[in-house]
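Reviewing the structure listed below.
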Ligand code: GDP
């Protein structure tokens, strides 16, 4: 589950990425994540998990994690192979979603590649490279599909959809703006288009503009307008401040944020939004040994969720004993009381897990 950080040069990508790797240093216990120099692993902040660990006096608290991939060096002309264009586009193809950093801070000391701060021009520059690359790929594919369509009806439909997508792309719009039926959306998903990947825009502002979530910054307003055309979320951060925050320990961090009048760091907001963007939810397990959050895709059934913990649990799955986190808290976090009130449900193999389920799986070995 990887997100790629993209953006023009000098917008603050490395600064943000450094904050990510710095913050991620604590979460060195993620054996399932491959650590590469340009991949940062961060814990997904979850207040529910902290609460469970407190109630159960857990020895260990293990949050879930996501990975960010620093895709630096995307410049105008990348789709034509400028710079290391093809390599970067290939990197984007590998990620599940995109974090697009946009410069919204004014700073005479930091040169802008195009001479001035203009978030919409920047967004369009990057998006167009992805769009060009998609058009090229689709046109190659279209040729083959047209041949196949002569004998095959489903290929004929594919041709029609491809032509529709190309038309939208040629208007300079990303494929994610297309409104499609469920089946056609599936079809388009298989094309693995760069411009259809889910996206979050990060508006990188200066410290002064952090108040009111960037409401006083005209550049941020423009980014918000643009993002709304794609139904995309905008997270306002100051990469520089995030880098400072990431170096502090937990208590200092709270004080620092308080001084800035903020409840959560921008990075925490970005991580949580990214998690949601990927369609991920967490279920929780709790006990004196450890309290832990586990990542599943929305729509995952109980046995497959159990399989995240151990394959034996999926194979020998009998039932899940489940309580919603909020229901547990409504009874002071006491499992015994919650059980007496009948709030702990016994669920079978067809149960679809919900975000915040606190679970005990029963299984045969
Ligand atoms: P990248 O090329 O997109 O990776 O950009 P960098 O992260 O290297 O940032 C480029 C320059 O902008 C560096 O000198 C940073 O210190 C500066 N910078 C990054 N974020 C901010 C910010 O929020 N405010 C200000 N004033 N400068 C920033």
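Glycine too: its Cβ is placed from the backbone N, Cα and C atoms.
So that you can see what the record holds, here are the features copied from TrEMBL:
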DOMAIN    1-257  domain 'OBG-type G'
BINDING   10, 11, 12, 13, 14, 15  ATP binding site
DOMAIN    279-363  domain 'TGS'
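Taking the centroid of the Cβ atoms of 10, 11, 12, 13, 14, 15 as the ATP site, the other same-chain residues with Cβ within 8 Å of it are 7, 9, 16, 101, 103, 204, 239.
In the domain 'TGS' (279-363), the DSSP tally of helix, strand and coil residues is 25 helix, 34 strand, 26 coil. Counting only same-chain residues at least 6 apart in sequence, those with a Cβ under 8 Å from the Cβ of residue 14 (ATP binding site) are 70, 72. Here the binding-site residues are 10, 15, and the one ringed by the most other CB atoms within 10 angstroms is 15.
The number of other CB atoms found within 10 A of the CB of residue 12 (ATP binding site), across every protein chain shown, is 25.
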